[in-house]
Amino acid sequence: MKRKQNVKFFIVIILIIWLLAFYGVSILSSIGLLIVIYIGNKFLNELGKTIPILELILFVSGFQWIIGPFILYRIEPDFMQVSENEYMAITVGAYLSFVTGCLFIRSKKAILDKTKIREIISRPKTISIIKSIYWVGLVFFVVSFFFKTSLDFIFTIIYSFSFITAIMLLYSPIPNKKIYVIAIYSLLFLKCIYQSVFAEFISQCFLLIIFIPNIYSLSKKKIIILLGLGILMLSVINTAKTAYRSKVWSDRGREVNISLFFTILFNSEKSENDTDNSFLQRISSGSVNSSIFSYVPKYKQHTQGEVLLEDFANAIIPRILYADKKDIDNSKNYMLYTGRYLGEGTSVGVNALGIGYAEFGVIGCFIFMGIYGLSLNSVLNFCITKSKKNILYLFSIIVVFIGAIKAETEFIGLINGLLKAFFFVIIFIYFISKNKTRLFSYGS
């Protein structure tokens, strides 16, 4: 069966190569597109069997760094500051290194054994603990909604466990278990409407897409339908979000109106400034990266890791030890590496690919992306190894990596969030399951 699938995939690849050649697509662009298609197919095949978090990160990165820019070069080339060949020469090589580091060097799979998971989560004591974590997380969610503190990040990690435990309860035999999922996602959606920022809701929806195929034993066709509905939902929310922001933010008081959002959502109202091209530009990091490729090293020399190390050191030092610690500036590096000024309140981050090139040059960027991929791989392997003794580690993989899914995120902020989440999850799980290791033993 697997051999038959491989033959079909090979035939599809040959057809795609022929079509690309027929329409005059360059070799570098063709290679980049094929790698992203391969990753997308791998992600699709793993859904329902494992937690393909690295495949998801790679696919989103490939879409934003390769597919999005490929389309932009054909419909809005003015957004791109260098030629397609120059852009793809850097990007495709760096992306291939990233893929290699993530998937092909001592990689492990986070296997979802539904029978074992149900056996563990069906125990009354386990259900009681999972419910307790859910309610504690819900309290932290409500508190974080009304009060802003310097511990917001810790609050976010704790209430993220409400989403994880809600998913875990779907494996249990308890009645009305879907209510837990509906409740926490509804509250998050209302919070996003209030803040007019929907990135967190979209990120948490990936959690459902990863686990639902396993929970309900979905066929490949149903998984494709699920993904299609997810993309449709993303498109609808994006259209409504832009129109909603333009109306809410135009008022001096920026008053939030939930009924207004749903009116816009169901009427499919579009903002005057919103176009299909602007949407593509927002979900593509190509314009940012191409600006860096154009500016460095012509006007700004490669910094050889100096800025990266300085930002990283500032990020990892706890504020409790250094009261004058600077906040992560999501616009500083963009202005430094593109020569463009950003007004107050405007934030544009420099992603891993952009930082790698700006700091180390082309070859250095390839090595940097390989190391970055290998680092993500190592963190995942640690969680998988620990999950054999404690199933909470298996489900916490999403909590650790959820911030790394967005490929346009400022790299230092991404790494800072990932490391904090990683260490906090270890501490949190230790205290939750202390003296209860047999209760959570997975051993898969």
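Any Cβ shown, glycine's included, is placed from N, Cα and C.
Curation does not apply to TrEMBL; its annotations are automatic.
The annotation transmembrane segment is assigned in TrEMBL to 12-39 (among others).
Annotation source TrEMBL lists transmembrane segment at 51-75 (among others). Residues 29, 32-33, 35-36, 39-40, 42-43, 84, 87-88, 91-92, 95, 98-99, 102-103, 107, 110, 112, 206, 210-211, 277, 280-281, 283-287, 289-290, 351, 353, 376-377, 380, 394, 397-398, 401, 404-408 of the same chain, all 6+ positions outside the transmembrane segment (51-75), place their C-beta atoms under 8 angstroms from a C-beta of that stretch.
According to TrEMBL, the transmembrane segment annotation covers 87-105 (among others).
Taken from TrEMBL, the feature transmembrane segment applies to 126-147 (among others).
Per TrEMBL, the feature transmembrane segment maps to 153-172 (among others).
The feature transmembrane segment is assigned by TrEMBL to 179-212 (among others).
Annotation comment: TrEMBL describes 224-244 (among others) as transmembrane segment.
According to TrEMBL, the feature transmembrane segment maps to 334-354 (among others). Counting same-chain residues at least six beyond the ends of the transmembrane segment (334-354), those with a Cβ under 8 angstroms from any Cβ of the stretch are 61, 65, 91, 94-95, 98, 285, 288-289, 291-292, 294-296, 299-300, 307, 365, 368-369, 372, 407-411, 413-414.
Summarising the annotation, TrEMBL assigns transmembrane segment to 360-384 (among others).
What TrEMBL records for 391-407 (among others) is transmembrane segment.
Among the features that TrEMBL reports, transmembrane segment is placed at 413-432 (among others).
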Distant-in-sequence neighbours of the transmembrane segment (87-105), which means Cβ under 8 A and at least six residues beyond its ends: 26, 28-29, 31-32, 35-36, 39, 42, 54-55, 57-58, 61-62, 65-66, 69, 73, 80, 286, 289-290, 293, 352-353, 356-357, 362, 365-377
Spatial neighbours of the transmembrane segment (126-147) far in sequence, C-beta under 8 Å, 6+ residues away: 120, 155-156, 158-163, 165-166, 168-169, 172, 174, 180, 183-184, 187-188, 191, 194, 432, 436, 439-440
Proximity verdict for the transmembrane segment (179-212) and the transmembrane segment (413-432), three or more C-beta pairs under 8 Å: no
